[in-house]
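Take a look at the structure set out below.
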Amino acid sequence: MLFAVIGHPIEHSLSPLLHKISFELMKVEAEYVKVDVPPHRLGDFMSSVDMIFNGINVTIPHKVEVLKYVDVADDLVNEVGAANTLKIKDGKIYAFNTDVEGVRGSIKDAVDPKGLKVAVLGAGGAARAAVVALRDEAQVTVFNRTLEKAKRLAEELGVDYAGLNEVDKIKKHDIIINATPVGMDGVSMPIPPDVIESRHVLMDMVYRPLYTPFLKVGLAKGAKTVNGLKMLVIQGMESEKVWLGASPYWRDVYERLLASLA
């Protein structure tokens, strides 16, 4: 069996290593590769996937655009408006979204979100997954630099919204999720450090670096932190359930992946 992750750029992806560890744990004979697909090549790539791959993970910037090329999308894909997992069977392409469970599982490993106030920073695809993951149990507010974009997302998904500069509002939340790329450079923060308090639970959807400045400040202040690698592993195991009907316990894969990166 052959699986792949597609995106652009893709060289930073840890998905091949993650799935290699998982396949070895399950004693599954399969390969997992990364394929750099620039946006203008997506159509060409998708036209031949059914002859090559059993399943595909989709990352930035293709999670929305790829929906043009699938035959069947599940309800969650339609709700989020994006897919990160494709299953190819009998010449048909089926689309799924496991990012939602990636967020939900990561947060629930740290805290029960029921009834808590959640601030989601950002209004892109990652933010959509975070909102859908938590809106049924928690009070979710989308904070974004461009207020109009936050408004559109919030109204579509039935949650509140505010500007990213409204830091006093952000501070009043229990869980703060960074769903922006800010912090990938190892220097930048999506919000000022003084917004973060010890009572907060912080999650960063960025997984490289493993501890972004956002999470480092949280750790220094005694806040609970959830790194993006945990989400990557949980969504990856959910993808394997789609493809193979089973997956190892995510924590076993997570610990092995952490050790291999040390």
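All residue numbers here begin at 1 and follow the chain in the order shown.
Cβ atoms here come from the backbone N, Cα and C positions, even for glycine.
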Listed in Swiss-Prot for the shikimate site shared with SER13, LEU14, SER15, THR59, ASN84, TYR207, one of ASP36, ASP44, ASP99: ASP99
Greatest inter-residue Cα distance in Å for the shikimate-binding set SER13, LEU14, SER15, THR59, ASN84, ASP99, TYR207: 16
Pairwise CA distance, ASP75 (NADP(+) binding site) versus TYR207 (shikimate binding site), rounded so that it is a whole Å: 27
Candidates ALA123, GLY125, ASN144, THR146 (binding-site residues) - the one closest to SER13 (shikimate binding site) by CA: GLY125
Candidates SER15, LYS63, ASN84 (recorded positions) - the one closest to ALA123 (NADP(+) binding site) by CA: LYS63
Nearest of the binding-site residues (GLY125, GLU148, MET205) to THR59 (shikimate binding site), judged by Cα-Cα distance: GLY125
